[in-house]
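According to TrEMBL, the protein carries these features:
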- 70-88: transmembrane segment (TRANSMEM)
- Gly76, Ala78, Val79, Asn83, Ser318, Asn350, Leu415, Asp418, Ser419: Na(+) binding site (BINDING)
- 100-121: transmembrane segment (TRANSMEM)
- 142-169: transmembrane segment (TRANSMEM)
- Cys181-Cys190: disulfide bond (DISULFID)
- 232-250: transmembrane segment (TRANSMEM)
- 262-295: transmembrane segment (TRANSMEM)
- 315-332: transmembrane segment (TRANSMEM)
- 344-369: transmembrane segment (TRANSMEM)
- 403-428: transmembrane segment (TRANSMEM)
- 448-466: transmembrane segment (TRANSMEM)
- 478-503: transmembrane segment (TRANSMEM)
- 524-543: transmembrane segment (TRANSMEM)
- 563-584: transmembrane segment (TRANSMEM)
Amino acid sequence: MPLPQLEAGTLSEEEGIGSVWPLVPSTGSGCGDGSGAGPPPNPEGTAAAANGAVAVPVVERETWTRQMDFIMSCVGFAVGLGNVWRFPYLCYKNGGGVFLIPYLLIVFIGGIPVFFLEIALGQFMKQGGVSAWNIAPLFKGLGLASMVIVFFCNTYYIMILVWGLYFLFHSFTNPLPWATCGHPWNTPNCTQDFRRSCLNHSAASLSNLSLSAALNLRKVLRLSGGLHEPGAISYEMVLCLIATWIIVYFCMWKGVKSTGKVVYFTALFPYLVLVVLLAHGVTLPGALDGIVYYLKPDWSKLGEAQVWIDAGTQIFFSYAIGLGALTALGSYNRFHNNCYQDAFMLALINSGTSFFAGFVVFSVLGFMAAEQGVDISKVAESGPGLAFIAYPKAVTLMPLAPLWAALFFFMLLILGLDSQFVGVEGLITGIMDMLPPKSALGSLQREVVAAICCLICFLIDMSMVTEGGMYVFQLFDYYSASGITLLWQAFWECVVIAWVYGADRFMDDVARMIGYQPLPYMKWCWSYITPLVCVGVFFFHVVNYKPLTYNTVYTYPLWGELLGWTLALSSMLCIPLTVLYKILRCKGSLRERWQHLTTPVWGRHHLEYLAPESEAKLLPSTGTKSTLLFESVI
């Protein structure tokens, strides 16, 4: 079926490692950022021109060496700690195997459509998370919002890797330090009887903790009295933080060429460890009971709204939607890569990993419950509690405990590492695409920009290696990349593509890339279903909002909550404020402003798809003088 040619838009130079300078004829309303500026001068100081058109060198955007590099990078980024430590617990808590019904339903109506949209957008526009929204320039705030969110994620997420590295170092001792009492960090009430610690562990007291909890809270975190008490810096944690940032930097400093090589190890090795841990776990007594607890269906749960909300929130988290990194990764694809097929394959890998990890986790928790003679509900944990308290305690009950502890924490470190450095890669790509190529900033090498970003994140992280650092970490985790911010982002992405640019139009663009039309259900999801899902889950979060607490013991002060909401709104407000700023700055009637600001800015690679009359409108004819506006994205 012949496809319609691209409609006329403005024409930009191909984005490479540098910036974008859209080429806009002066006949429209003057809305460009930097309106009235002339073309960038050539080295001789004059505007380069040939046959009446400005000649700006086109910088070829680098692409993946192999297409498998892209697949591995997406697997490494999207498959992370949440698949291992959050999904199994949610499945157990929300009705076992019954939880898969709402989970898979929302995967197909929410997860895959937005996941595919972000990858396809990056591949079609050949631009990073910010400049890709040149497809509807009025809503470039979507790109800025995603940059803010991924910056916050890169800042606090690395602390989990720091704790994992610290535990990994302590795993090479026999007996394990959290297996016995008598250490400086133990309380006088230290007990090696897990049954007693379960009975005594209450909201009123943190003194009767299991040994791994004692190591985590008193040795690693060294908790102060609250957010208002930063306390002393832990220099052991600072060394781990420095080591982790150095590893992250050298994994991505050369761009996709280095990232594409490293992810083969970081994406595949955790699967090997999971298989080994499962093979060992199922041989342990009580493992079968744990797996039954994991999958045992409770059909009554389907009637609870919280189950559906948990499914939706988990999908948006684990699919890494709304962070702009998937768009950045997609921008390095070949233009005719089958991103539609890739999206379904990556979704299968992501959700399959979550489901498989549940067998690994609950086989060990079942063993732990059987050994200690307690119900599995007493040992089932989610998040850091599973990784740094429940699982380490279970490992101490196994033969060759140091081996299994080292293997588990090394897997944890690798799982988080590729999510971290691919996230940083997405941030760097967005920044490099925004830098004006003719400025001093635009001449900065990628390695320098990456080093500056890592250094800034490191300095912020210093607040999280103090005695009050855990409170700062939870503030970032709860607000900056929360379900509310991601759902807000995903909602506007669907609305802009479906209703501003046009769902049918974007489907045609995808067909130009992959050679055939995707299933119509995609545009139905972008237009109606996915935005409704996002709105429903968003308002559920808002209505059921509760003030942030730590461990049900410490309630954050009002100024702490205000700081948290500042983190959340710093990304959410990027979208409406950018729209308002662009409309107010533009000239002409409201209709003219809307038409001008929603006109796509095409790249050079789009020229072959433009209709001849559209191309004639964009490129000035020979012998005519035409004033050209050059718009920098900053």
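The backbone N, Cα and C atoms fix where each Cβ goes, glycine too.
Long-range neighbours of the transmembrane segment (262-295) within the same chain, counting only residues 6 or more positions beyond its ends whose Cβ lies under 8 Å from a Cβ of the stretch, are 69, 72-73, 75-76, 79, 84, 88, 91-92, 96-97, 251-252, 353, 356-371, 376, 380, 398, 404, 407-408, 410-411, 414-415, 417-418, 421-422. Listed binding-site residues: Ser318, Ser419. The one with the lowest count of other Cβ atoms within 10 Å of its Cβ is Ser318. Of the candidate ranges 100-121, 315-332, 478-503, 563-584, 478-503 has the most C-beta pairs within less than 8 angstroms of the transmembrane segment (524-543). Stretch with the largest number of CB pairs closer than 8 A to the transmembrane segment (403-428), among 70-88, 100-121, 344-369, 563-584: 70-88. Listed in chain order, the residues near the Na(+) site other than Gly76, Ala78, Val79, Asn83, Ser318, Asn350, Leu415, Asp418, Ser419 are Val75, Phe77, Gly80, Leu81, Gly82, Ala267, Ala320, Thr353, each with its Cβ within 8 Å of the site Cβ centroid. Below 8 angstroms of C-beta separation, residues 71, 74-75, 78-79, 83-85, 87-89, 91-92, 100, 103-104, 107, 111-112, 115-116, 194, 271, 274, 277-278, 281-282, 284-295, 318-319, 375-376, 378-380, 386, 390-391, 393-395, 397-398 of the same chain, each at least six residues beyond the ends of the transmembrane segment (344-369), sit close to that stretch. The transmembrane segment (478-503) makes contact with the transmembrane segment (315-332): 3 or more of their CB pairs lie within 8 A, with pairs spaced 6 or more apart in sequence. Against the transmembrane segment (232-250), stretch 448-466 shows more Cβ pairs under 8 Å than any other of 142-169, 315-332, 448-466. For the transmembrane segment (315-332), the list of distant contacts is 61-64, 70, 73-74, 77-80, 82-83, 86-87, 103, 106-107, 110-111, 114-115, 118-123, 125-130, 132, 143, 146-147, 149-150, 153, 256, 339, 347, 350-351, 354, 419, 422-423, 425-427, 429-430, 481, 483, 485-487, 489-490, 493: same-chain residues at least six beyond its ends, Cβ to Cβ under 8 Å.
The highest tally of CB pairs under 8 A with the transmembrane segment (563-584), across 70-88, 142-169, 448-466, is held by 142-169. When the stretches 70-88, 100-121, 448-466 are ranked by Cβ pairs under 8 Å to the transmembrane segment (142-169), first place goes to 448-466.
Within 10 Å of the C-beta atom of Leu415 (Na(+) binding site) sit 31 other C-beta atoms, taking all shown protein chains into account. Beyond its flanks by at least six residues, the transmembrane segment (448-466) meets 151, 154-156, 158-159, 162, 224, 230-234, 237-238, 241-242, 245, 248-249, 252-253, 424, 427-428, 431-432, 435, 472-473 of its own chain at Cβ-Cβ distances under 8 Å.
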